[in-house]
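K.L.:
This is the structure, below, for whatever I ask next.
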């Protein structure tokens, strides 16, 4: 993929990052920005508006051992930071939890934990049988995203990561009799391959008289300003302020006065400027460059955004710390210790009891990086039904659910009829996932003696548009 500097995306696109993005480029835009004309990135976390529709999102995937760290990574990355750069941080979740106004659409890469209890689990496990152990133990997905789902209660929530189409309908409980009940329609789609359910069009209520420009969200800008003092660029673990007697302030939500101030600063013009700027030379196929080490770049869009709203430029702060030798020096001193324990057990215990959200099951559809065990915990993977994992559930899901109190639990597999708006029609053909014995997952870059060579990416579908659907049964 490359951008020539001449073309413009035909459709306005708003997106978040996952665990297979160009982290060095997206890191230039921690508060969001244009990665190309008409393609807008929400940043580590962000909220924007389009024709009256409020769209929020959080980038990355959840990993407990990095969750409470600051954003300290910068190019050139090493074997640890190339992965931790896309791990969700608690400060982003904290910022989003300050929002009080309704959210129409929210996006996350990994699924909110427990969302599979609100859809057709039988069909999900038939399509992805290797999820069984984590679904039964309620450990699949991101607990941080589940926390946001409980707090934000958006009308729609879209996710990816697990490479399967799945719809769910969650009815939230109300905190009082006066409060109107809210519901969230969840949808995840499959990967973009032939014969896969990777696209669905949904009509969203909007303001047809509004302009076609992407706009800042005044409440979100006010939250960014209120939480600016919490910015941290070290890898030290830290907790967000909470009402526990240890913090003088724990409520950073935006007041009506603060939101009004933002509007006045912008002269009530919330339009996001189309200020995309090239920060790297365009790729020229006729002049390929090999082994070019990425550099830490300060993006003019971020500089302008931070100057306009009085925010800390995270990359500038990282660069200062790097020049002082603190970030790189601290990391190298602790690198050996972290290699010995990549689960975070040497640190303070995580606020979440499990950490399987990074696609810990061996997913045959996932693009695997060589020696990615530091990111994907294969020791907890499940397998297809066997004597140890019989196909029939040995216990009711109601006995093992660990749900937030504000979530109403639906019956186990009765969601087929409630997903009509998201699932326009039933899947025309049910396919069984091939067993892991039939399609063993291999890693590239090592020899028989276990010595790794040059790191390579193993893509399962080198000729995806020439081959048959890889999930088709023989």
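The backbone N, Cα and C atoms fix where each Cβ goes, glycine too.
Quick caveat, the model's predicted, so the values are computed rather than measured.
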K.L.:
Could you check which of 265-312, 409-456 is flagged in TrEMBL as region 'Disordered'?
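P.N.:
In TrEMBL, residues 409-456 carry the label region 'Disordered'.
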K.L.:
What mean pLDDT score does the domain 'Lariat debranching enzyme C-terminal' (170-315) have in the model?
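P.N.:
Average per-residue pLDDT within the domain 'Lariat debranching enzyme C-terminal' (170-315): 92.
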K.L.:
Counting by DSSP, what is the helix, strand and coil composition of the domain 'Lariat debranching enzyme C-terminal' (170-315)?
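P.N.:
Taking the domain 'Lariat debranching enzyme C-terminal' (170-315) as a whole: 34 helix, 12 strand, 100 coil.
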